[in-house]
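Participant: Here TrEMBL flags 136-234 as DNA-binding region. Taken from TrEMBL, the feature domain 'Response regulatory' applies to 14-128. For 136-234, the entry in TrEMBL reads domain 'OmpR/PhoB-type'. Summarising the annotation, TrEMBL assigns 4-aspartylphosphate to D63.
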Amino acid sequence: MSGENGAVTDQSATVLVVEDDAGVRSTLDQLLRFEGYRVRLADDGQHALEILTEERPDLAVVDVVMPRLDGLSLCRMLRRRGDRLPILVLTARHQVDDRVAGLDAGADDYLAKPFATEELLARLRALLRRSAPEGGPLLTVGDLTLDPATREVRRGGTPLDLTRTEFDVLELLIRNQRVVLTRSRIYEHIWGYDFDTESRSLDVYIGYLRRKTEVGGAPRLIHTVRNVGYTIKSQ
């Protein structure tokens, strides 16, 4: 649900919780309602799809391992059909490869179990902020253009298909052209929480962005500043 100017507020947002463990599902339901969210519950991915045909939540919290339709398969199905619903994946797996798999599937963020309540809420707030419509002039760097209003990105006139998080990282870099952004600053802005900046998740997204923006041998725009962070600039 939306507040003034179409922006979703914490108090008006609807969260779809997709979790097969009844105890965890109930705990999340109580926590989110206490924080002012509206909540819809699903016990697996198939149930979530049924709910999504009836109403449109503002974001989803999705467990990975579930019967009938698991969390990663749900993410892939939604992204294949062009659904940009913000998704936070919950996983009991702590290996980097498992987290990367969640991002590859189309999740916007992930959180390993067990997690701190404050971190979960902070990540949900960050997803809501990032999903709010944002206008403004066209942003450019070299032959790459980014439209904050339509969330469209083009390189040399060719449209690029970016996930929500890829777009947000790219927009942050372009708004700070030629400025070296530290890893901690990017994490804080995109994920809204000061968590483990040694995580590889940012590097994964930078890798995705480079792959997509350098198609056909286009010159590199996103540069690594060793032991500091990243910057974007045309040669």
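Placed from the backbone N, Cα and C atoms, the Cβ positions cover glycine too.
Structural setting of the listed features?
Facilitator: Across the domain 'OmpR/PhoB-type' (136-234), DSSP assigns 37 helix, 24 strand, 38 coil.
Non-local neighbourhood of D63 (4-aspartylphosphate): V18, E19, D20, D21, V24, G71, V89, L90, T91, each in the same chain, at least six residues away, with C-beta under 8 Å from its C-beta. Annotation note: D63 (4-aspartylphosphate) sits in a strand segment as assigned by DSSP.
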Participant: Just give the helix, strand and coil counts over the domain 'Response regulatory' (14-128), going by DSSP.
Facilitator: 52 helix, 24 strand, 39 coil
